[in-house]
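Some features that TrEMBL has for this protein:
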type	residues	note
ACT_SITE	SER191	active site
ACT_SITE	ASP348	active site
ACT_SITE	HIS378	active site
DOMAIN	109-263	domain 'Alpha/beta hydrolase fold-3'
DOMAIN	320-381	domain 'Alpha/beta hydrolase fold-3'
Amino acid sequence: MRSSLVLLTALVALAAYYIYIPLPSSVSDPWKLMLLDATFRGAQQLSNLIHYLGLSHHLIALNFIIISFGKKNALSSAQVKVRDTAFDGVEVRVFEGSPKPDEPLRRSIVYIHGGGWALASAKIKYYDELCMAMAEDLNAVIVSIEYRLVPQVYFPEQIHDVVRATKYFLQPEVLQQYHVDPGRIGISGDSAGGNLAAVLAQQFSQDASVRNKLKLQALIYPVLQALDFNTPSYQQNVNTPILPRYVMAKYWVDYFKGDYDFVQAMVVNNHTALDVSEAAAFRAYLNWTSLLPASITKNYKPVVQTMGNARIIKELPQLLDARSSPLIADQEVLQHLPKTYILTCEHDVLRDDGIMYAKRLVNAGVDVTLDHFEDGFHGCMIFTSWPTNFSVGVRTRYSYIKWLDQNL
Ligand SMILES: *[C@@H]1O[C@H](CO)[C@@H](O)[C@H](O)[C@H]1NC(C)=O
Ligand SMILES: *[C@@H]1O[C@H](CO)[C@@H](O)[C@H](O)[C@H]1NC(C)=O
Ligand SMILES: *[C@@H]1O[C@H](CO)[C@@H](O)[C@H](O)[C@H]1NC(C)=O
């Protein structure tokens, strides 16, 4: 009896130790976030073990666990017709909201889910529910792209998939078949999906065949640059749940099929040190003192190494490619972008990626809405239903859909 009590106490202490992480009290529902983070960390560690044992690639194992938490079949409701199909060989899930009585043609959003270019699916419960809500609330057609992921494919294949599916959809005869208004189509995505959406919008603004076909872009806590892992938000949120800095740097390395040995050097900005000549051209974008307001930079100092590691950019030149880091695109590219919404969260390493992009777009003359959530954390917008319901999840989703409703 006594020994089992000791054992139980030890187990509870161990579980508490595993689950507990210090969080600022200003984050939404901190205890729930700790549990969510512990679950995700547990799944990551299990996947790493599976990788170590040689059973499977850790990202395949992790995605298997994520998908087993809630893959959903294409299930229509009274208001929304849901169907899985393919657009030019790329799988998509299409959600068709009912048209408004006075408007025969519907609005439309092409949606790109997040997950570090390696995880999740348009078919998991979280993204299925988000797109259902968008289709219903906006009386719109939502095309959620099931692009291929790392390690099946690497950069720039993910981009090719989303571009191919979107171009197919934008054809007049396809839009007509879906009763979509060609003048009211937007592109959107969250996290790595926000990265792909931003890249696609830039490509389309340069491509005469599709130019001006997107009415807006809506980027939810997007990943926008791989040059600086020491922006104020990276420094502030080094260990913040869901997306610690080290994990984000690893997603980048995975996207480029790079060597994990680079991650430690990247998080101290050794890849963009002053002695790395390839990075010199982008130095101005790294100078966030001119791109971020004083309320954000506070007392944080830029981290610029004098001596770094030139091998990283030699082996992974993709790190300095605007197709992976849309933040570093030329002004001439940015000025043709459509109306833009960017949602950022305070407790997120990517906060400043979004704020800097908003600033560059405003400088380029683009109409931008920056929607910041003081109690938000990375990924929160997909967490709206029990047991992973967060107050800030509900509020971010409401605010995002409201902006779309008013601007699309
Ligand atoms: C960064 O580069 C410097 C100079 O090459 C090196 O001394 C240092 O160990 C590197 N840091 C990391 C974390 O790799
Ligand atoms: C960064 O920008 C600030 C403000 O615009 C400027 O004073 C400073 O010289 C810049 N630093 C570098 C290294 O470009
Ligand atoms: C989550 O949902 C449950 C059950 O509907 C509700 O009681 C609870 O207040 C919700 N929590 C938050 C943070 O929204």
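Every residue, even glycine, has its Cβ placed from backbone N, Cα and C.
In terms of DSSP helix, strand and coil, the domain 'Alpha/beta hydrolase fold-3' (320-381) has 23 helix, 19 strand, 20 coil. Across all of the domain 'Alpha/beta hydrolase fold-3' (320-381), the predicted model scores a mean pLDDT of 97. Cα of ASP348 (active site) to Cα of HIS378 (active site): a distance of 5 Å. If you measure from the Cα atom of SER191 (active site) to that of HIS378 (active site), you get 8 Å. The local packing around SER191 (active site), expressed as other Cβ atoms within 10 Å of its Cβ over all shown chains, amounts to 30.
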